[in-house]
Structure formats: C-alpha cells, structure tokens
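Peer 1: One structure coming up, written as structure tokens, with questions to follow.
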Amino acid sequence: MNTYFISFITIIIFANGINGTSVDTSNKLLLQKANDFNLSQNLSSSRTRRTIANSFRIVGIRLEDETVETKNGIPTVLVDKEQQFRVFGSGLEENTAITFTNEKNDYGGPCLKPATDLFTPIEVSSNGFSALYSVKFPSFINEFFICAKTAEKTTNHSKAATTTPLEHQGNSDFLKIKTFEPLIPVWLAIIIIVTCLGFSALFSGLNLGLMSMDRTELKILRNTGTEKEKKYASKIAPVRDQGNYLLCSILLGNVLVNSTFTILLDGLTSGLFAVIFSTLAIVLFGEITPQAVCSRHGLAIGAKTILVTKTVMAITAPLSYPVSRILDKLLGEEIGNVYNRERLKELVRVTNDVNDLDKNEVNIISGALELRKKTVADVMTHINDAFMLSLDALLDFETVSEIMNSGYSRIPVYDGDRKNIVTLLYIKDLAFVDTDDNTPLKTLCEFYQNPVHFVFEDYTLDIMFNQFKEGTIGHIAFVHRVNNEGDGDPFYETVGLVTLEDVIEELIQAEIVDETDVFVDNRTKTRRNRYKKADFSAFAERREVQTVRISPQLTLATFQYLSTAVDAFKKDVISELILRRLLNQDVFHNIKTKGKSKDDPSLYIFTQGKAVDFFVLILEGRVEVTIGKEALMFESGPFTYFGTQALVPNVVIDSPTQMGSLQSLNMDSKIRQSFVPDYSVRAISDVIYITIKRVLYLTAKKATLLEKSRKSGTFSSETFDDEVERLLHSITENEKPSCFAQNQSTRRLSNRSINSSPTNMNRSPDFVYNSVDEAIQDDTKLKNIKHADNVTTSISLVAAELEDLHSGEQDTTAASMPLLPKLDDKFESKQSKP
C-alpha cells in the first residue's frame, strides 16, 4: 500500500513537470508529505478501520489557473468565481463526484457537512489517475477539504446525485484549498473602473491640450483674444508656466489611473477578454477621443478643469515636483515659440486663407518686415529720370508752367552738370513770385537756401524711414556713391534720389498716386491714366500777327472767363481748343487816353446808334457807359463785355450734336449782319480789350464743327489742324470776308450735296430751301445718312450762309482758300462705292 501511494505522488510530480513546472519547493514538500503519510500508515496499521468499499482515492490537487497564488503549497482562490483544478489519484472515473467541506477528518472518514455542491469531472484521464473539475467556492469560509464518492452518472458536471455517502479524502495540505474575498464589492469596482477611465481620458486630453499651448501663445490670447479666451488664458497661464511640473503630474496621474483600471478589470474578468477590453477601452476612450477633442478645444477644457489639474499636481507633488526640478536643470527654462522676421512673414502668408486679414494688411505687414533688407538703391529714382531745373533758369511763365505740369512739389536744382545738385526749390517758394518779373532762379534759391541731404546707396529703408520721420532732413534725399573708376582720385557721384513716398510705397507694397502725379511708377515710367489737365504753356506763345501783346496770365484769365461766363463762347458752342487758337489771333487792342480830350472819337469803343459787328471784352482799365436817351452813365472795369448781340441772336441756343446743328447754323445766318447799340462805351483810362468780329466768330464755330468731325473719325488730325489754321489766319482786322465767298459752282456743289441725300431724291437739282424750318426738318431726316455726307452738307451750308451774309459787300469772285478739308483718296474711294 505504501509503495502504491508513493507511486501516485511520483505521478503528480511528473504531471507538474509535463505542465512546465520544475521540481520546486512545493514538489519537495509533496514528497516529504508522502513519506510522512507512509510512516503514519505503518504506525496506524494496528488500528481498527472500517472497510472502504470504494476503489478510488484522491491524493492531491492542482489549480489550472496559473495566476492563482500559492502559499506553502496551498492554493488560494477568489470566492464566487469559477475555478478549474485537476485532482490526482487512482480509480478516478466519470462518475467520481467531489465536494468540499470545512471540517477536518482522516482519509475514509465521513463527510457530514459538505459546504458546496457535488461536482462531476469535466474530463478524466484514460488511466484514471487525474480528472478536471470546475468549482465555485462560496463566501464566508476560509479553508476547504475534499470529499468524494462514486455517484450515479449524470450529464450535469456541476451537480451529482446525493444518494451515495461522501468519504473524506484526508486533511493533508495537498488536499487543502484556501479562499479569499475581493477587497471591494463588484459594483464599487465597476464604478472605480469607469472613474479611472474618465480620468485617463482627462489626463490624456490635458497632456495634449495644455502642453501644446506654449507660453507665448497664452500671452497673446490674454492680450488680444476674445473675452472668453482672455478669461481662459488667465486661468491656465499660472499652471502652464510650470511646464515640467505640470507634465510630470499629468503623466503620473494618467499612469496611476490606467494601472488601477487594469488591476480592477482583471479582478472582474480574466484571460483574453480582460486584455482585449482594457486595451480597447484605454485606446478609444482614454487616448484617441480625448486627444482629438482637446486638440481643438484644449483652452476651454483646460480652463474648466483647472481645479482638477491643481489637485492632481498637489497629490503627486512628492514625486512629480522633484522630477520636474531635475528636468528644469537638465533642459533649461521653457521660453515658448519665438518668431523671427522670416517666420512671421511666412506665418502671415500661410494663414492668409483662414485669418481675417485683408490683402492690403498682409502687404503692409510683409513690407514692414522687409524694410531692413532693402536699400535705397532698390527704390531710388535715377538721377537722369528726375525732373530738375538749372540754376541759370528764369522763373517766367513757361518755366512755372513746366513746373506745374511736372506734378512735383520739390524740384532739385543743379549747377552745370545734372549730378551737381546744389539746392532744392519747393513749390511753395513760388507763391510770391510774379512770372512777369522773370526772376532768376538763382536769386530765389539764394534767398531760401533750402539744404540738400545726401545718403549712400547701401542705406537700408528702415534707417531712411527714421530719418524722414524725424523731419530734420526733409522728405527727400539724394543718393550718392564713391566713384573710384579710372586713374583719378575717388569722388562722390550722385546717382539718384529717394523720397519718403518711395519708402512708404515699399512699406505698403503699393504705388501711391496723388493728384499731381504724372507717372504711376518712376522706375517703370508707367504713365498715370487720368484726366488730362490744360496745358497753360500754350498761352505763352507769341504770334507775329498780334499787334498788342499781353501777359500769358492775362491771356489765361481771358480764356477762362470767356469759356465759363459768356454763353456765346462756352465749350458746347466754341470748343476750348478753337477758343485758345482764336485768342492767338490779332484780337487784342489798347487805347491810350493821355493827351486826348474827352470827346476824342478814338476813345469810343461803341457809339450809340452806330452799327457794329463785333464783340468787346474789357481786360484792363476803366470805361464809361452811357445808356439810352436819358444818358444814364456808369463806369465799368475789367472783364466787362459788350456786343454779344452782334454775334448771336437773343434766343436760347440748343446744344449742338456731335456733327453740329443745322438749326443753329441757319439761325446764325438769318439774324442781322450788324448790331446797333443803344449805348456808348468810352475809355476814361488806358484800356486793353479784345475785339471779336462776327465773321471771326462764325469761323470759330465752323472750326468747332471740324473738330467734332475729327473726333468722330471722319477727318484725320492733320487735315483738321491745317484747315483750322487756314480758317483762323485767313481773317484779319482789315480784311474783308471775301475769303468766305463762294462762286456759283461752289454754291451749286452745296445744293447738290443736299439734293443727293435720300430725303431729296424726288426733288429737282435746282431745289433751294425757302425757309429755315425746311432746313431744320431735313436736318432731322439726315440722321441716317452716311457720316461723311452729313459733315460735307453741314460745312457747305455754313459757307453758303456766310456768302449770303456778305453778299452786298463783296465780289462774286471765288475764294482762293478751300473751306472744306481735302479728303484723302481712300475716303473718296469709299464714298464712290455704291
């Protein structure tokens, strides 16, 4: 019997070796127990024992779960949890049922108080040496022993029939199992697991959300953010300033809750399920989701959980604070993100699509960041492209007009060579200069002595901007460089000029165009597309035909007054170009009163009751006007005009169309050819006045029609200029208007031109208008006729009416000068085509 028992112990040890367990201390104890058992059997052989009917015996147990703790060879398991263990012995069969009791007894003794149900084996070895059971131990019992019996066969492995009595298998340590209860209840463990998972998510989110916001960004938000952002940043900034301490506290707290979560979850479950569930829970709910949320809303979440963060920092301070101090010493103080000039410019550029910056604001920021990199040589105007004046120039009307047309307010003045800049002329210096005095520019420059400032071409724009901003050197500087070319000594050479406007243009990355600029860009010479101002230099022209010459200023004033104040000379009747050319004719006169009596006829400009055919505008001096039979008298001064009735009828004149109005032309021809004033105008001081005769006025109107024809493309510019010059210069004060006379062939040409229109196809070739109304009606019907035919008809009609006007005063000889522009061959060929 002893040998039989020891063989079973050897089988148990061998089974442990098969399962990968070496003959350790527990196996040694098992052998020692077997020897003790053999000795006890020999000593008790003389005792009386009852006969055991059963042929099986259990000599040892082993739990299949490797994680179960073993103390002194006795396994310790958790209550109320399914446990699988293997029993070793002999004669084990499928109907060998076991149970557990808390009472000690010898082998073969009765098992009167079983503590668990009967359990049948899940599987049994073929030789009957081992069997596998699944058992759940109840609570409130600390130590269990095995009882067994041969039960009736049943399919339920957890419960067996109870009719056969149970036999105690002994109180050996190899047959003993201890239990323990969990430290906390299951429901409390579940709550703690969920709480740990929540804190794990919070710590993971704060780790990314808070640590991704550097100190510089928080300062920006505290100063420039919205009200909420300022509030949140103010709460976070004190904690974020302790970067390493915050990092260590968050990481330590995260590791703590994750470890607790894993341990508690392992207590509730075991095996592969616990591993998979804990991994998915931590990754999905503890890492990915919170970090995704806090990466976008880290500021708000960090501010609202700041108390939790401070609490964790306080709890983990004994460990996290020393570690953070070590990191501070090793890694240095955290400064935050710092942007240099290039990074700032690139930051503005790459975020242009998502920020609210305007394009001009982006350009200004970029320009300001590049000021230190650009030099004056990059933005200066070359000296050869600058508008300058020679020191020997005279400040006459032509020079001042040239200065005004240049559009500049500061004019460099050079002496001899253009690169020898000696002074500056400001446009305000000309305020008290009379152009009639022909003041030398040198005199004016010596009086004001405006200084000039020179800089080198490698000066950066930020330095120039500061100098211009101070105002000590003005807002213009000349750029010079050292010229060491050649064999001579090096010398300073002026190569260009730079102004405050140039620097500001580089600052805002755009061209500044004010009301006086001629060019959009001085370097590219791109002209500004703007309304063309009047060229006043034309009033300084001197014509030999003029017997009396006046100053250009007075000529300009006369032009402006006539074109704006006198209806007969406004631009819709007489164009500005024609009026300017008209004033270049011999229309200026003067009267000297010295040594003449009051009744001298040469002092009278108009005599009451004496017909006149001219218009008069007083420019200088005083005149006395006597009106009506009552001889009412008053004096008048400059820019008083008389005789407008001699030019136009006293009716409202409609604005002519682009090709002229036949109604207006016919009305001009039908009025009286002379005007009889009911007043007298006598000079009482030296007087300068202009006289414009009716025939010259009609010539100017005809020239205006020609100009409108040129604008519409009927005539070329050369044809127009030649014809206007001939028209205006053909009229002199002593010349009769014979140049406007036409012979019968010219008159017939005019009538033929009218009769050839579609509206007169049914009329006879000798048809002539009998009234002005007929001409007006036909003029309305001529709107759909070809452009060239209309122009020819209108101008021919003017010539015909001029002939009627002077038919009693001139010969019938044809004028030698052509009145109509000579059309080129291409235009004639187009007209000849059907």
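Note that Cβ sites are derived from N, Cα and C of the backbone, with glycine treated the same way.
Bear in mind that the values here come from a model prediction, so they are computed numbers and not experimental data.
Taken from Swiss-Prot, the feature topological domain 'Extracellular' applies to 21-182, 320-834, supported by a curator's inference. The annotation N-linked glycosylation site is assigned in Swiss-Prot to Asn38, Asn42, Asn156, Asn522, Asn743, Asn751, Asn790. Taken from Swiss-Prot, the feature domain 'CNNM transmembrane' applies to 182-361, supported by sequence analysis. Positions annotated as transmembrane segment by Swiss-Prot, on the basis of sequence analysis: 183-203, 245-265, 268-288, 299-319. Among the features that Swiss-Prot reports, domain 'CBS 2' is placed at 448-515. Marked as nucleoside 3',5'-cyclic phosphate binding site by Swiss-Prot: 604-656. The annotation region 'Disordered' is assigned in Swiss-Prot to 739-765, 807-834. The compositional bias 'Polar residues' feature in Swiss-Prot is assigned to 740-763.
Tell me about the surroundings of these features in the structure.
Peer 2: Within the model, the topological domain 'Extracellular' (21-182) carries an average pLDDT of 73.
Cβ atoms under 8 Å from those of the transmembrane segment (245-265) belong to residues 189, 192-193, 196-197, 199-200, 203-204, 206-207, 210-211, 239, 274, 277-278, 281-282, 286, 309, 312-313, 315-317, 319-321, 323-324, 327 of the same chain, restricted to positions at least 6 beyond its ends.
If you look at the transmembrane segment (268-288), the same-chain residues 6 or more away from its ends with a CB under 8 A from one of its CBs are 65, 67, 186, 189-190, 193, 197, 200-201, 204, 258, 261-262.
Remote same-chain partners of the transmembrane segment (299-319), defined as residues 6 or more beyond its termini with a Cβ less than 8 Å from a stretch Cβ, comprise 202-203, 205-206, 209-210, 213, 221, 228-229, 231-233, 235-236, 239, 245-246, 248-250, 252-253, 293.
Across the domain 'CBS 2' (448-515), DSSP classifies residues as 20 helix, 21 strand, 27 coil.
In sequence order, Ala557, Tyr561, Ala565, Leu617, Ile618, Leu619 are the residues near Phe639 (nucleoside 3',5'-cyclic phosphate binding site), counting only same-chain partners six or more apart with C-beta under 8 A. In the three-state DSSP assignment, the secondary structure recorded for Phe639 (nucleoside 3',5'-cyclic phosphate binding site) is coil.
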Peer 1: Around Leu632 (nucleoside 3',5'-cyclic phosphate binding site), how many other CB atoms lie within 10 A of its CB?
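Peer 2: Here the count is 10.
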Peer 1: May I ask which residues of the same chain, at least 6 positions away in sequence, place their Cβ under 8 angstroms from the Cβ of Val625 (nucleoside 3',5'-cyclic phosphate binding site)?
Peer 2: Met633, Phe634, Glu635, Ser636, Phe642, Tyr679, Ser680, Val681
Peer 1: Using DSSP reduced to three states, classify Val625 (nucleoside 3',5'-cyclic phosphate binding site) as helix, strand or coil.
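Peer 2: Note: Val625 (nucleoside 3',5'-cyclic phosphate binding site) is in a strand by DSSP.
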Peer 1: Secondary structure at Ala646 (nucleoside 3',5'-cyclic phosphate binding site) (DSSP, helix/strand/coil)?
Peer 2: helix
Peer 1: Fewest other C-beta atoms within 10 angstroms of its own C-beta: which of the binding-site residues Ala611, Ile618, Ala646 fits that?
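Peer 2: Comparing Cβ neighbours within 10 Å for the binding-site residues Ala611, Ile618, Ala646, Ala611 has the fewest.
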